[in-house]
Amino acid sequence: MSEPSVNTSAPDRGPGVVIATRDRAEKLAGTLRRLTALPERPRIVVVDNASSDGTRAMVTRRFPQVQLVPLHTNRGALARNDGVRAVGTEYVAFSDDDSWWEPGALAAAGELLVRQPRIGLLAARTLVGPDGAAAEDPLNAVLAASPLRPPPGPGPGPGPGPDRGAAGVGAGGLPGPPVLGFLGCAAVVRREAFLAVGGYHPVLFFGAEETLLAYDLTAAGWLCCYAPAVTARHRPADVPRPHRKALTRRNATLTAWLRRPLPVALRRTGELALAAPGDPVARRALGGLLPRLPAALCHRRRLPPAVEADVRRLEQRRPEAPPEGRRTSVGAGP
């Protein structure tokens, strides 16, 4: 497969939206109708993960203003990396083929990122369900209650911007508390930061991949913040996905091997091994973990002590729902 093209021109100050999709043409069409009607007129890139249902023809025929990046193999969440390289805008919002952004949300996100150069990622407020009956995603309350605080210093950007007058900006000029997790279809990233840390990690491929990205951005000095003034909409299909829990548990354990202290990684692996004989989800997760473990060890890089301390703080606060256990919905998986 040839590498997707990389936009090397000067970044566009306007918003960009990247969608990774696979075999959900009709869902995608509905999302693109909403995104192309946004007042911000975002540049939209659809990365197709080797669909076989006519997705590419649909995008080309019905949405000629949308850039299509066709992949010959399913790259899972890594398709988002290809989209970010292609889109060429300073900040990039992620959607799935069943999610979109409220009018004005992308403009608000752009304002926050311009005013706060330390922020590398905004985790949006997410509303779930159909128009007229949308409800708060439970993750909103979890993110809003984050006990984390920003570290001192300017971070990797050119220094903190002014904190007066920006919509949705709270104490210290930040839109909300720092977080170490987010929903993949409801995040806006600074393209520079995302590419600098490598984007989504190839070892994980798909499933609970957001936590590792949040770890890596934070370790590199960027802030990941909850931004309740930026609203995404999500209408997931009510279709069972029996392999999702196993993927989530596999990748939570791989994330521990990639970034956490050795005792944490060993404990997570031991828990899977002990549960596997009587738990088909744990058994599938362990079976998926073992072939990927050598690559995880090759890419292993411990988190800085301050970031590891924040991870432990979150685990102590929510021991039954660690951030890496959060489900995602990117239309890129099996």
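The backbone N, Cα and C atoms fix where each Cβ goes, and this holds for glycine too.
Note that TrEMBL annotation is computational and uncurated.
Residues or ranges marked as domain 'Glycosyltransferase 2-like' in TrEMBL: 17-128.
Taken from TrEMBL, the feature region 'Disordered' applies to 144-170 (among others).
Residues or ranges marked as compositional bias 'Pro residues' by TrEMBL: 148-161.
Annotation comment: TrEMBL describes 309-334 (among others) as region 'Disordered'.
What TrEMBL lists as compositional bias 'Basic and acidic residues' is 309-327.
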Helix, strand and coil residues within the domain 'Glycosyltransferase 2-like' (17-128) as assigned by DSSP: 41 helix, 37 strand, 34 coil
Mean of pLDDT values spanning the domain 'Glycosyltransferase 2-like' (17-128): 97
